[in-house]
Amino acid sequence: MSHIESVLHENRSFPPSSEFTAQANVSGIAAYQALTTKAATDYEGYWADLARQHISWETPFTRILDETNAPFYRWFDDGYLNVSYNCIDRHLPAKADKTALIFEADDGLVTRISYQQLHDRVCAFANALIAQGVTKGDRVVIYMPMSAEAVIAMQACARIGAIHSVVFGGFSAKSLHERIVDAQAKLVITADAGMRGGRATSLKSAVDEALTLGGTECISRVIVYQRTGQEVNWHESRDLWWHDSVADMPNTCEPARMNAEDPLFILYTSGSTGTPKGVQHSSAGYLLGAIVTMNMVFDAKADTDVFWCTADVGWITGHTYVTYGPLAMGMTQVIFEGVPTYPDAGRFWKMIQDHRVTTFYTAPTAIRSLIKLGGELPRQYDLSSLRLLGSVGEPINPEAWMWYHQEVGQSRCPIVDTWWQTETGSNMIAPLPGAVATKPGSCTLPIPGIIADVVDEHGASLPFGQGGYLVITRPFPSLLRTLWNNPERYKKSYFPEELGGKVYLAGDSAQRDTDGYYWIMGRIDDVLNVSGHRLGTMEIESALVSHPLVAEAAIVGKPHDIKGEAIVAFVVLKGERPQGAAAKEISDTLRNWVGQEIGAIAKPDEIRFGDNLPKTRSGKIMRRLLRALAKGETITQDVSTLENPAILDQLK
Ligand code: WT7
């Protein structure tokens with residue numbers, strides 16, 4: 001029985017407790033239904049009410065949704081606001097001294113930053129950016145470790161209307177270079193290094209390398225936050241220390257007046273072709289998605305919650321549920337520099353205990369690795385502060401869900417399994433924890449205002465029980481607006497003509513059970529999900545074939561206990577097929593090569609060499625056969641269309 005078949009037989013259901021429901025922002029299933037009904041009958045009114053209620057506008061909007069140039073949708077587009085103002089300034093009258101950020105470093109050192117201090121530091125850094133010539137609409141690349149400074153840098157961009165593009169610190173110089181060039185950024189913000197698990201990893205040196213590769217004349221300045229104090233190469237005319245940049249800067253900076261539709265940021269993500277896609281988000285619609293889901297899904301209580309999302313700000317989860325969502329709510333949140341297993345696998349639980357965390361949001365891959373390394377450890381800590389748990393990044397297997405529920409949530413805390421994507425900006429399908437009963441492995445029901453469906457290849461809605469394409473049929477505020485520099489690719493990737501050109505194609509397959517609950521089955525494109533991170537098979541293939549020894553390569557995923565999916569590479573070399581020690585050596589070389597080309601997360605877990613790849617007579621690589629081989633399955637499929645059936649034995 002496949003994974004998806006087995007989860008579809010999952011019939012445990014966990015209704016919200018009466019205690020949780022009594023205090024919930026959306027309390028009871030009737031309240032959930034009232035919201036979905038309101039959205040169904042007055043879609044624009046539903047979102048407009050929320051936008052008026054939750055966003056502080058500088059100039060209120062009068063227009064709601066503009067679909068005239070579909071699928072380039074616009075929301076609230078005669079309204080003006082500033083996102084940083086909404087995340088910081090508006091809280092100051094009531095809670096200047098409230099802790100905004102609790103930063104815990106890799107070594108355990110804790111720093112607290114109040115809303116007033118955050119304001120002052122964001123303003124000083126915003127002024128530093130202005131002093132370096134950054135103006136509204138300029139792109140700023142942020143390549144930083146998890147730190148208060150990363151959040152400050154993003155907020156400072158938002159404050160002056162610069163468009164940030166955060167590049168995850170685990171990406172290589174090459175990947176960084178590609179993103180700098182595509183965004184035509186003016187400035188890079190980085191750190192000397194980051195600290196994770198007791199080890200420093202250099203970041204500045206990767207920036208140096210990226211800027212020696214062609215096409216980066218756009219960059220006039222590199223601002224470097226000093227984290228470890230290690231030796232760095234210095235380019236006097238280009239590099240500037242963060243602490244010097246803010247030294248004489250005033251602690252106030254007028255928030256720029258931004259149109260609702262002005263881009264807030266670009267975040268690159270993998271697609272089915274070799275080049276990453278620059279997902280572009282708006283200001284107001286994106287902010288609204290963050291706030292509404294903080295309220296409904298995370299049941300945010302601004303005055304009493306301590307929120308902790310473990311995602312790095314290099315991913316969308318870290319944008320929406322670290323930098324923007326919790327701050328827009330005026331909450332206290334924890335930010336963590338390190339890794340869950342250092343100094344031991346009790347780190348998360350100790351931090352929850354120490355900071356009295358109420359709401360904890362992490363990924364199935366982290367949960368699975370912590371079960372493996374210390375399933376009994378949560379019991380050694382006081383986790384009584386927790387009231388709500390979240391999961392994101394991939395489907396959570398029911399066993400991991402049950403452990404999370406029992407051992408971490410002590411059977412008391414609802415689990416919100418949140419399905420969404422870089423492109424959707426905020427949670428789309430997830431239980432409202434005081435209203436919707438949960439089932440292990442299902443992300444349950446769409447959030448009110450999100451109109452989802454499962455359709456066939458012609459766009460026709462499928463009945464419950466049938467698997468198909470997951471789509472969202474109405475544009476919603478936090479949806480990406482376009483792909484940076486590539487509106488055609490935006491249309492083709494997300495609004496394909498085959499489905500009528502108007503519904504958002506998520507790229508996942510899904511199935512609904514008899515209760516209408518959504519079960520995500522996996523990607524429909526050539527995208528892998530490794531430890532909750534998206535990687536395009538084409539990207540890894542391009543990296544491999546760019547190595548002088550490699551003639552041809554094909555990448556497939558195979559199930560992995562901890563990572564969800566492991567990367568298996570089938571490689572044909574230009575010379576002889578290597579065997580034994582030679583194969584091992586070339587394998588290591590190629591793995592490191594991919595690490596340098598893309599980043600360590602993209603290194604194949606396994607490389608198999610062949611004289612050729614299984615191809616049809618027309619020369620198409622038969623990936624389904626490769627997937628079966630990777631899993632170690634015996635090939636029972638029809639191989640009669642195969643040009644070279646003998647190759648299968650070699651690749652086993
Ligand atoms: C893809 C999006 C959005 C945050 C992190 C990943 C998969 C994400 C779930 C979930 C099943 C999930 C999907 C989606 N995914 N969350 N709760 N259940 N699958 O963002 O890198 O844009 O990847 O991650 O396949 O399409 P991303």
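The backbone N, Cα and C atoms fix where each Cβ goes, and this holds for glycine too.
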Which of D382, D508, D513, D561 belongs with G393, E394, P395, D417, T418, W419, W420, Q421, T422, R523, R534 in the ATP site listed by TrEMBL: D508
Binding-site residues near ligand 1 among R196, R199, T317, R523, V545 (Cβ under 6 Å): T317, R523
Distance, R199 (CoA binding site) to H547 (Mg(2+) binding site) (CA atoms, angstrom): 29
Least surrounded among the binding-site residues, given as V545, V550, when other CB atoms within 10 Å are counted: V545
Binding-site residues (G198, P395), the one with most neighbouring Cβ atoms at 10 Å: P395
For V550 (Mg(2+) binding site), the one of T317, P395, T422, S531, K620 that lies nearest, given that the recorded positions are compared by Cα: K620
Alpha-carbon distance [T317 (CoA binding site); W420 (ATP binding site)] in Å: 9
Most crowded position, judged by CB atoms within 10 A, among G197, G393 as binding-site residues: G393
